Amino acid sequence: MESPEDRNGNDVRQPLLEKIPVKKEAEGEERLCIDEMLQRYCGEFGRWQLKHFVLTCIAWALEAFHTMVMIFADQEPEWRCVGSDCRVGSLNCELDPSSWEWTAGKGSSTVSEWGLICGDKYKVGLVQALFFAGCMIGAGVFGHLSDSKLGRKGSLTVVCIINAIFGIATAFSPNYWTYVVLRFLTGFSTGGVGLTAFVLATEPIGPSKRGVAGMSTFYFFSAGIAVLSGIAYVFRSWRELFIVSSLPSLLFLLIVIPFISESPRWYLVRGKVDEAMKLMHSIAKTNGRHIPAGVTLALDDDVENNNGERNTAVEGSLKDVILSPLMRMRLVISVAISFTVSIVYYGLSLNVGNLKTNLYLNVFVNAVSEMPAFAITAVLLDKYGRKPLSIGTQWFSCVFCLVGFSVWGAGPWKSVRMVSGVLGIFGMAGTYNLLFIYIAELFPTVVRNAALGCATQAAQMGAILAPFVVVLGEELPFGVFAVCGLVGGGLAFYLPETLNKPLYDTMFGMHEAESESNRERGEVIC
């Protein structure tokens, strides 16, 4: 077999794609992998992909609703004195319950309704921790199910059903512990929303457009937070807020899901070649393109070895990833980076949220401020690659967190710490979102969502720990965040670059391609 250098004149931007097309002369059939068919016949990002991408990514806004609603529902409202024994400046824990009252009434938040203050204040943090614990479990479960029998679309449908049911049910919680259970169950389904929607939205997109498209998915999450702040401003009762923020999941099921297609890659690895080809023809037709007769799809390892058409499903699991030295190292590093990045991202977000400002305006501004990070990262992603950008954004955040840790005292130094926090989260927001693209490209289709699920679980563990880092004070958390950024950036050195590489379908196909690429370039990578 000819090497890519012989055929392409040393074009290192496409080291694997040109060797994939194989014509079976006896049958007059040309068998291509999905990336090659998108590039040659269907279009990498046309009208079909744009519509599918936008509809699928609406799910990210739903995830923002179910996750960030706790900021408003669990807030501690303002209170006022109503008796002569109440003194301005006192803590309400020190006062007789009859001498003060909640300004907005007892039903404005869970804190005011169930008295989650003083000795019971820890219960607010407990709800948050258990929600993210549910996310961690759900990410693993739905990551596996979306790679296996349910598929990407099936998993997205299931998690939206669960979100709608338990999200609305939460509004009718009769007591605190029922509320805790329902938030945990909502977290379980929410953990599967983002990773399933991300893979479903990006898998039908060609390799040269996939990076920018992948980064663009996170605009929907930030937009969801911004919209939620407006909804919370209008609906001040926590029960009303849960109903209004959960109804969009029901509308998504009824209006949007029917117009979303399953991933052609999932069809292919499950042995459903006819369904995959039908979808590819639909993509080509909508994009104003045409797939010639005699052209069909094949898995990358079938194409590589010129095998016949496969009609059986190709299975993959985390066990296969762990047993493979190549995949195992990638998974361990991906999990570690996701954990450290999440601590910094959520930790800095909570630090900014602790500012004594208008809560609704503050949440809105924080959501909007992340968008420039997404835009800049998207522009640089295909110019400099995933690996350098992952290292650079984490170390950018590390530098400003180190500045925040180094300056002590009040006065102007508080402003320096605030600016350091904003710039720190600016860098880490780019990393946090870049990781979805990077990790998705590091693993083949048969285990892609399972690997993303593991990384998401690690990120949720970081989210659980972040509040405990924040309570260390004003300066010490910056030191922890700086160390996390430094370590995460260092670990990224051990990952391979995936820019302009195809998305592989099977473990065998990825192993063969990576081994040949290493031999040709004389490199050893994870």
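The backbone N, Cα and C atoms fix where each Cβ goes, glycine too.
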Identical membrane-side domain name, PRO77 and GLY211, from Swiss-Prot: no
Rounded mean pLDDT for the residues that make up the topological domain 'Cytoplasmic' (497-526): 69
Sequence-remote partners of the transmembrane segment (53-73) [C-beta within less than 8 Å, at least six residues beyond its ends]: 109-110, 127-128, 131, 135, 156, 160, 163, 167, 183, 186, 190, 193-194, 196-198, 200-202, 205, 213, 216-218, 220-225, 227-229, 232, 238, 241-242, 245-246, 248-249, 252, 256, 259-260, 353, 359-360, 363
Packing count at GLY206 (ATP binding site) (other Cβ atoms within 10 Å of its Cβ): 22
Candidate with the highest Cβ count within 10 Å, taken from the binding-site residues THR202, SER208: THR202
SER208 (ATP binding site) in three-state DSSP notation: helix
For the topological domain 'Cytoplasmic' (145-153), distant same-chain residues with Cβ under 8 A (at least six beyond the ends): 192, 195-196, 199-200, 203, 257, 260-263, 266, 270, 315-316, 445-450
